[in-house]
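Note sheet for the following structure.
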Amino acid sequence: WIMGHMVNAIEQVDEFLNLGANAIEFDIDFDKDGIAQITHHGIPCDCGRKCTKKAIFTEYLDNIRQVTTPDDPKFREQLVLLALDLKLQRISSAKAYRAGEDVAKKLLDHYWQRGNSRARAYILLNIPLVEDYEFIRAFKDTLKNEGYESYNDKVGINFTGNEDLDKIRDVLEILGIHKQVWQADGITSCFARGTERLKEALEKRDTPGYNYINKVYAWTLVRKSIMRRSLRLGVDGVMSNNPDRVIKVLKEKEFADKFRLATYNDNPWEKFRG
């Protein structure tokens, strides 16, 4: 999975897909009451990027629904995963539950259209810190209360704050989540990051019977040397400001026979068995 990073303006969706991404990440900004308002990162952000691009969240969902719906004029077959980077760290943890309710309802109304949409992308909920786990509880409660629990099959969980992996496991245990879990490891493209935690996550992913990590990705990679390093370690995905660079690296002799781009037929919740 090549995840285009910080794709917050509607016009950026095609831009990143044209560069080779098969997944996009966008930031969800909330008001003080936990209501999702816009797709927006804000300052500071990655080096070399404009931090202020944005869209109304519901309008963004309406557009991305079309982009991921077969036979729609806007349909782009390659886009199979949407990562919602939830900026919960900007609001009180007491509002995390309200935020989870709101995002679930907006996805129901504008993306899935309560069963009337054929939009097919998988959804990855990126939670910044484990203290915000009530967002996940609320999201799942809302799908159940609204009568659409089946959409849980399309939704995965990912904690992005580089916290202790055992601490993350404990929170997932509290929530009763034993599947559909991704684990991110990374830092803004402005800085270098070691591989200790990334290697630990990959080791846990590959441990038989360990159900708290199905996929691991590294972020935000812009240098080809770091992309190569991550691929050699065996990551499932790369988040990048430059998907075209990832494509070029994947075509190199060292990687061409080991990796390919994920398609809709690849289940993002299953561990890869090479």
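Each residue, glycine too, has its Cβ placed from N, Cα and C.
Owing to the predicted nature of the structure, the values given are computational and were not obtained by experimental measurement.
Its Cβ taken as reference, HIS5 (active site) is surrounded by 30 other Cβ atoms within 10 Å in the chains shown. Feature annotation from Swiss-Prot assigns active site to HIS5.
The secondary structure of ASP85 (Mg(2+) binding site), as reduced to three states from DSSP, is extended strand. Swiss-Prot lists GLU25, ASP27, ASP85 with the feature Mg(2+) binding site, giving similarity to another entry as the kind of evidence.
Summarising the environment of HIS41 (active site, nucleophile), the number of other Cβ atoms within 10 Å of its Cβ, over all protein chains shown, is 22. In the three-state DSSP scheme, HIS41 (active site, nucleophile) is classed as coil. The active site, nucleophile annotation in Swiss-Prot covers HIS41 and rests on similarity to another entry.
Counting every protein chain shown, the Cβ of CYS45 (disulfide bond) has 21 other Cβ atoms within 10 Å. The disulfide bond annotation in Swiss-Prot covers CYS45-CYS51 (among others).
For CYS47-CYS190 (among others), the entry in Swiss-Prot reads disulfide bond, with the evidence type similarity to another entry. Around CYS190 (disulfide bond), the same-chain residues at least 6 positions away in sequence with a Cβ under 8 Å from its Cβ are ASP46, CYS47. The secondary structure of CYS190 (disulfide bond), as reduced to three states from DSSP, is coil rather than helix or strand.
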How many neighbouring Cβ atoms, not counting its own, are there within 10 Å of the Cβ of ASP85 (Mg(2+) binding site)?
-> 25
CYS51 (disulfide bond) and HIS41 (active site, nucleophile), compared by Cα position, are separated in whole Å by 6
Nearest to GLU25 (Mg(2+) binding site) by Cα distance: which of the recorded positions HIS5, HIS41, CYS45 is it?
-> HIS5
Using DSSP, would you call ASP27 (Mg(2+) binding site) helix, strand or coil?
-> strand
For HIS5 (active site) and ASP27 (Mg(2+) binding site), determine the Cα separation and express it in whole Å.
-> 9
